[in-house]
Amino acid sequence: MAPGRRILGGLALLAVLAGLGLAATTRTVTRVDIALNEDVATVRNGVLTAVAKAATYAAESAVGAALAVLVPAALWLWRRRRDALRTLGVLGGAMAIAYAAKLSVDEHRPPHRLWVIPPDNAHSFPSGHTAIAAGLSVAVVLLVPAHRRLLAAAAGAAFTAVVAAARVYLGVHYPPDVLGGVLCAASAALLTCGVLQTPAVRRRVEALEEPAARARHARRSPAPPRLPTGGPR
């Protein structure tokens with residue numbers, strides 16, 4: 001896909017995110033969401049609650065922030081500059097978009113009586129945990145070799161779905177919130193990949209990659225055989 005189309009696609013998803021956020025704050029949608037959350041609360045049990053809590057902890061804000069810094073830093077040190085920038089843009093971008101949307105929409109959390117665990121903050125839309133899970137999943141898909149991407153995509157989709165379901169199950173998010181989290185990651189991925197593919201940015205990244213590629217090649221190439229010194233004996 002051309003860079004311009006990726007960027008337009010990312011902007012379009014941001015517009016959808018904004019529209020979903022506005023819809024989520026209406027009384028009609030809120031009434032439906034509360035009814036759905038109440039139905040979900042009736043199927044809770046010890047096993048499901050333990051799984052939901054584990055999924056939530058795996059996508060905590062602290063985990064996402066640490067990965068968004070440490071993984072790109074490690075990739076940069078390993079001279080994978082393009083991968084470092086892409087990972088930072090996808091995962092860090094998903095978190096940044098989610099944070100900005102939370103402040104802009106300012107949707108209240110579900111009623112306190114539905115909470116299994118206390119939420120991190122008062123803003124419900126979008127789900128930051130789901131944005132982190134989806135952003136991490138997309139980043140992994142872009143990092144692994146092409147022949148492993150289908151497996152990585154399936155695993156990432158399953159992980160994101162479990163985290164999204166867990167947030168609703170635990171009573172701290174409405175269904176539109178977790179959908180909004182996925183949109184945050186998808187828009188960040190399209191915008192990041194689109195910007196990195198624009199000619200000007202691509203040239204700059206290639207300039208960063210060139211010395212790194214030479215260094216990798218030098219490490220992998222066998223040393224030339226040493227010629228004997230001195231005359232015949």
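For all residues, glycine too, the Cβ spot is worked out from N, Cα and C.
According to TrEMBL, the feature domain 'Phosphatidic acid phosphatase type 2/haloperoxidase' maps to 87-193. Look at TrEMBL and you will find 210-233 tagged as region 'Disordered'. Sequence annotations record features per position, and here TrEMBL assigns transmembrane segment to 54-78, 85-105, 125-144, 151-172, 178-196.
Within its own chain, the transmembrane segment (54-78) has Cβ neighbours under 8 Å at 84-85, 87-88, 91-92, 95, 117, 120, 128-130, 132-133, 135-136, 139, 159, 162-163, 165-167, 170, counting only residues six or more beyond its boundaries.
For the transmembrane segment (85-105), the residues of the chain that approach it from at least six positions outside its boundaries are 14, 17-18, 21-22, 24-25, 61, 64-65, 67-68, 71-72, 75, 121, 123, 125-128, 131-132, 134-136, 138-139, 142-143, 180-181, 184-185, 187-189, 191-193, 195-196, 205, judged by C-beta separation under 8 angstroms. Across the domain 'Phosphatidic acid phosphatase type 2/haloperoxidase' (87-193), DSSP classifies residues as 81 helix, 2 strand, 24 coil.
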